[in-house]
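According to TrEMBL:
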- 19-26, 87-91, 141-144: GTP binding site (BINDING)
- 10-281: domain 'Tr-type G' (DOMAIN)
Amino acid sequence: MKQTLKEEVASRRTFAIISHPDAGKTTITEQLLLFGGAIRQAGTVKGKKSGKFAKSDWMEIEKQRGISVTSSVMQFDYSGKRINILDTPGHEDFSEDTYRTLMAVDSAVMVIDSAKGIEPQTKKLFKVCRMRGIPIFTFINKLDRDGREPLDLIDELEEVLEIDAYPMNWPIGMGKGLLGLYDLYNNRVEVHRPEINGLNGESYAPLDEDGEIIGDHPLKQYSLYTQALEDAQLLSEAGNEFSREKIQAGELTPVFFGSALTNFGVQTFLDTYLEFAPGPSAHETKNEEQISPSEEKFSGFVFKIQANMDPAHRDRIAFVRICSGKFERGIDVTLARTSKKMRLSNSTQFMAETRETVEHAVAGDIIGLYDTGNFQIGDTIYENNLKIEFEDLPQFTPELFMKVSAKNVMKQKSFHKGVQQLVQEGAIQLYKTYHTEDYIIGAVGQLQFEVFQHRMLGEYNSEIIMSPMGHKIARWIDVDDLDENMSSSRNILAKDRFGNPLFLFENEFAMRWFSDKYPDVELKTLL
Ligand code: G4P
């Protein structure tokens, strides 16, 4: 039966997975893809070291370092839903990329290592989710190892992240002593290694009204089971109340325990997540209009551009989050920034292992458009006369700067092309000194420079010289306020790639000195 647009949109679930590096994000993503039949075998992360890589890691540098640099997109169908997972780089040096990805999703899954609890990067990424007010689902991973007390972890989560938590299940033991998950929501115990711990090898043991496993069951002889029962009771009396509204408003995070590596508790998590995660939401335009996902006309925005994803093809792809309507291959759209009309006939969709030409997609989906240089990050495209422009994607204020030039002066062309494309991708920010127009690149984290250098050489055959300028404080000023005499030995006057003037101050002191001298000049940051 043909679905209406509204029904199709309602079946979409688009989320990002966030975590501190090594918490298990890649491992859990692979398990989810396995459930969806999107891959046949997890390239288990163990393989990362032996040369076999997780499907979601694309770039060479990711392989070398074993970290995820760029966000990738994966789609699969499961249980009547079409799921779009957006992977995010865990390393803090790439938080800008993560931030943009979070603009394109309707919810986020936060993976936490049960032995480590809340780590710095989790905190940072979580803050970004809160700023957007998106629902957050928590998966506390690595239960097959000895970790911290579950109550402790919940306390820490609430305290450090300032969010209410609601445990959806509760571990019975951990590490070698892991017996199962006391599953309050599904009213059952999910048995770990049922061939040893289950009754006739059964994976689930149903509970009676008092929350006890029904009948005789081998687990009942363990004090860990009694302990879990008591903890769960305590939580239901003293803990937060369950509220779907609060989850959807991002004020309450449902917490699931499990082990991604041994595939324990992951499917329960996925099933329950799908019950509570919201479908596509409305998006706000610059005119503060709300564009509903079931609006008939197509619209979307570019949240990521990536060149050379497939080194064999040298292509460049703009990732678009569809905000309304439906996309059919060959659709005519307008690019809001330039009013340019274009036909979208070369589009792709991302499965785990393959890319396929996408013929049809709806609000909530992510599509990739082959780009010949038309798109920039944050661009809106729309159908017919919808004439909208979505809000700008925020940019971080860079803190680290390098002067950059081509090592071989004869190779200026590839140097400029590389810089231009990587800047449009948002991999790095570009500035020029105000008069001499020397190139300065700015980054939020040091690794961005390394990726930049690596990619300039690998993809554009351009060897570069980078001379560190160290930490600087970048502040923008209105062009009307600009008087070039304001430039001194303690700051550098530069312009961004749109020609807006800014100062790069040596330090706080230099900035205060400037403000004292020019009290009427407002110094502005990006984010
Ligand atoms: P990330 O994407 O968040 O960075 O994490 P990733 O999935 O790559 O996992 C990091 C390490 O943690 C991997 O080990 C992985 O096998 C392990 N891991 C993930 N989930 C679990 C789990 O549920 N239980 C256990 N015990 N380990 C898990 P690795 O790369 O082989 O490194 P190492 O830990 O063997 O040194």
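Using N, Cα and C of the backbone, Cβ positions are placed for all residues, glycine too.
Owing to the predicted nature of the structure, the values given are computational and were not obtained by experimental measurement.
Shown on the structure are the features that TrEMBL records.
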| residue | record | Cβ neighbours (10 Å) |
| --- | --- | --- |
| SER19 | GTP binding site | 24 |
| ASP22 | GTP binding site | 17 |
| LYS25 | GTP binding site | 28 |
| THR88 | GTP binding site | 26 |
| HIS91 | GTP binding site | 20 |
| LEU143 | GTP binding site | 26 |
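Filtering ASP22, LYS25, THR88 by Cβ distance to ligand 1 (under 6 A) retains the following binding-site residues: ASP22, LYS25. In the three-state DSSP scheme, SER19 (GTP binding site) is classed as strand.
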